[in-house]
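Beneath this line is the structure, given in structure tokens, with notes to follow.
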Ligand code: DQA
């Protein structure tokens, strides 16, 4: 099985420092370590990345077309604005799970709409950083189910 790519959008590099009352105290490096440990348990390879730039995220999704079996993506603020990220995901054939650390539906109305949800096979929101682990388990079971 090709690696699972976990992609993160803008400001998630500040996880742990940024609005901890909303996003918690764990850093993105902590999240990556927890995902890597779960991936090892599940016997899958992982690629974990973050960018603050929309075009860079589009290019990460293009790279995943050949390199990844599935994508877990927290597009952060681009969730609510980016047709380009939606189009890139529509050009990817494997499972896609969208993750939000916070419950976007409990927040401002501009966070209630997601372009990415038009493509995602599943959406996890409001489960904190554990959402990444849930998403990883889900893509592995989708891939194993064929
Ligand atoms: C987020 C929710 C988005 O609305 C926000 O812009 C983020 C993070 C989340 O993980 O809860 O940056 O995707």
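Glycine is no exception: its Cβ is also placed from the backbone N, Cα and C atoms.
Just so you know, TrEMBL annotations never went through curation; they're auto-generated.
On a predicted model such as this, the values are computed, not experimentally measured, just so you know.
Lifted from TrEMBL, the feature list:
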type     : residues                  : note
SITE     : 18                        : site 'Transition state stabilizer'
ACT_SITE : 23                        : active site, proton acceptor
BINDING  : 74, 80, 87, 101, 102, 111 : substrate binding site
ACT_SITE : 100                       : active site, proton donor
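Annotated features taken from TrEMBL, shown on the structure.
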residue : record                             : DSSP (3 states)
18      : site 'Transition state stabilizer' : coil
23      : active site, proton acceptor       : helix
74      : substrate binding site             : strand
80      : substrate binding site             : helix
87      : substrate binding site             : helix
100     : active site, proton donor          : strand
111     : substrate binding site             : helix
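Checked against residue 18 (site 'Transition state stabilizer') by C-alpha proximity, the recorded positions 74, 87, 100, 101, 111 yield 101 as the nearest.
If you measure from the Cα atom of residue 111 (substrate binding site) to that of residue 23 (active site, proton acceptor), you get 15 Å. In this structure the C-alpha atoms belonging to residue 80 (substrate binding site) and residue 100 (active site, proton donor) are separated by 12 Å. Around residue 100 (active site, proton donor), the same-chain residues six or more apart in sequence whose CB sits under 8 Å from its CB are 74, 79, 123, 124, 125, 126, 131, listed in sequence order.
Across the structure, residue 101 (substrate binding site) and residue 23 (active site, proton acceptor) are spaced 6 Å apart at their Cα atoms. In this structure the residues listed as binding substrate are 74, 80, 87, 101, 102, 111; their two most distant Cα atoms lie 24 Å apart. Sequence-distant neighbours of residue 102 (substrate binding site) (same chain, 6+ residues apart, CB-CB distance under 8 A): 22, 23, 125, 126.
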